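Asker: The following feature annotations were taken from Swiss-Prot:
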type	residues	note
TOPO_DOM	1-23	topological domain 'Extracellular'
CARBOHYD	3	N-linked glycosylation site
TRANSMEM	24-44	transmembrane segment
TOPO_DOM	45-52	topological domain 'Cytoplasmic'
TRANSMEM	53-73	transmembrane segment
TOPO_DOM	74-98	topological domain 'Extracellular'
DISULFID	96-188	disulfide bond
TRANSMEM	99-119	transmembrane segment
TOPO_DOM	120-138	topological domain 'Cytoplasmic'
TRANSMEM	139-159	transmembrane segment
TOPO_DOM	160-196	topological domain 'Extracellular'
TRANSMEM	197-216	transmembrane segment
TOPO_DOM	217-236	topological domain 'Cytoplasmic'
TRANSMEM	237-257	transmembrane segment
TOPO_DOM	258-268	topological domain 'Extracellular'
TRANSMEM	269-289	transmembrane segment
TOPO_DOM	290-311	topological domain 'Cytoplasmic'
């Protein structure tokens, strides 16, 4: 970080909206945030207590739930503060740096994790007899660890490139969170080279993972079509459909914001809300409503709680 950085704080401009919508938006985002945290905590609890869910797929799902819970926590509380407190828009320089780092750290890790999960589904469906020998506990741990390390490296690049520049004013960030593109507009130096590097790195990570995921699912579909029983086909399609829905909702808005030419604040703001506020909620919703094993485990947990309370 340069010594020429004179700013000690930034002001988040928040979402572009009419002031009369402050209270309704606060209520909606608060409800979504609480549901996101509770929903993902519930998935973690159910998988933890039900031994039938101690499988590779659910091991990666616990990582995903943990990421989504904290991904939402990094952005939504500050967004809520900007809606109800005049002073809530202010964020210190170092807090802004931390928010950018963890935003990209968790987002990048989730991106890599989706790639790993697609490989896991491919191996499970295409090589069912060899699957357990290939996806051992050690292999799963190494894969999960690699996603977290890759996300950390990706985020460190974003943070270092963004905050080594001098910032001497103005300090109004045209966003509701600290992200590289709006922050770079405030730098007191030429940012064209850094913007290009960030664009390329985000593009390689997001587009690369997405393309590899698509290729995995093309191979999965080909493998499913070779399954002889209709019940086997239906179960395989159902399992993969849940993952595909979450993947599309995660990558779609992200690619739209970072890789499209030009920028419109209102459109970017709405898409960013979907990406940072609503997408983390989709994980518990999709994986509980569409997954029979998780629903069965939830019912068992409910019965256990009811039985313990009746004693």
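Keep in mind that glycine also has a Cβ here, set from the backbone N, Cα and C atoms.
Describe the structural context of each listed feature in the structure shown, including burial, neighbouring residues and relevant distances.
Answerer: Within its own chain, the transmembrane segment (24-44) is flanked in space by residues 15, 17, 61-62, 65-66, 68-69, 72-73, 76-77, 79-80, 83-84, 277-278, 280-281, 283-285, 287-288, 294, 298, which lie at least six positions past its ends and keep a Cβ under 8 Å from the stretch.
DSSP places the residues of the topological domain 'Cytoplasmic' (45-52) in helix, strand and coil in these numbers: 7 helix, 0 strand, 1 coil.
For the transmembrane segment (53-73), the list of distant contacts is 33, 36-37, 40-41, 43-44, 46-47, 102-103, 106-107, 109-110, 113, 116-117, 120-121, 124, 135, 140, 143-144, 147, 239, 276-277, 279-281, 283-284, 287, 293-294, 297: same-chain residues at least six beyond its ends, Cβ to Cβ under 8 Å.
Within its own chain, the topological domain 'Extracellular' (74-98) is flanked in space by residues 1, 5, 7-15, 22-23, 25-26, 29-30, 32-33, 36, 106, 159, 163, 167, 173, 176-178, 183, 276-277, which lie at least six positions past its ends and keep a Cβ under 8 Å from the stretch.
Applying an 8 A CB threshold to same-chain residues 6+ apart, the list for residue 96 (disulfide bond) reads 10, 173, 178, 183. In the three-state DSSP assignment, the secondary structure recorded for residue 96 (disulfide bond) is helix.
Taking Cβ pairs closer than 8 Å, the topological domain 'Cytoplasmic' (120-138) reaches residues 56-57, 60, 216-217, 219-220, 223-224, 236, 239-240, 243 in its own chain, all 6 or more past its ends.
Distant neighbours of the transmembrane segment (139-159): 56, 59-60, 63, 97, 100-113, 115-116, 180, 198, 201-202, 205; these residues of the same chain sit at least 6 beyond its ends, with a Cβ under 8 Å from one of its Cβ atoms.
Confidence in the topological domain 'Extracellular' (160-196), given as mean pLDDT, stands at 90.
Beyond its flanks by at least six residues, the transmembrane segment (197-216) meets 108, 111-112, 114-115, 118-119, 121-122, 154, 157-158, 161-162, 180-181, 184, 247, 251, 254-255, 258-259 of its own chain at Cβ-Cβ distances under 8 Å.
Long-range Cβ contacts of the transmembrane segment (269-289) within its own chain (Cβ-Cβ under 8 Å, at least 6 residues beyond either end) map to 15-16, 29, 32-33, 35-36, 39-40, 42-43, 61, 64-65, 68-69, 71-72, 75-76, 79, 103, 175-177, 242, 245-246, 249-250, 253-254, 256-257, 295, 298.
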Asker: Which of the three DSSP-derived classes (helix, strand, coil) applies to residue 188 (disulfide bond)?
Answerer: coil
Asker: For the topological domain 'Cytoplasmic' (290-311), give me same-chain residues lying six or more residues beyond its boundaries with a C-beta closer than 8 angstroms to one of its C-beta atoms, as numbers and ranges.
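Answerer: Cβ under 8 Å, 6 or more out: 42-43, 45-47, 49-50, 52-53, 238-239, 241-242, 245.
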Asker: Give the nonlocal contacts of the transmembrane segment (237-257) in its own chain as ranges (CB under 8 Å, at least six residues past its ends).
Answerer: 57, 107, 110-111, 114, 117-118, 121, 125, 206-207, 209-210, 213, 217, 220, 224, 268, 271-272, 274-275, 278-279, 282-283, 286-287, 290-291
Asker: Per DSSP, how many helix, strand and coil residues does the topological domain 'Cytoplasmic' (217-236) have?
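Answerer: Helix, strand, coil within the topological domain 'Cytoplasmic' (217-236): 16 helix, 0 strand, 4 coil.
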Asker: Mind checking how the topological domain 'Cytoplasmic' (120-138) divides into helix, strand and coil residues in DSSP?
Answerer: 13 helix, 0 strand, 6 coil
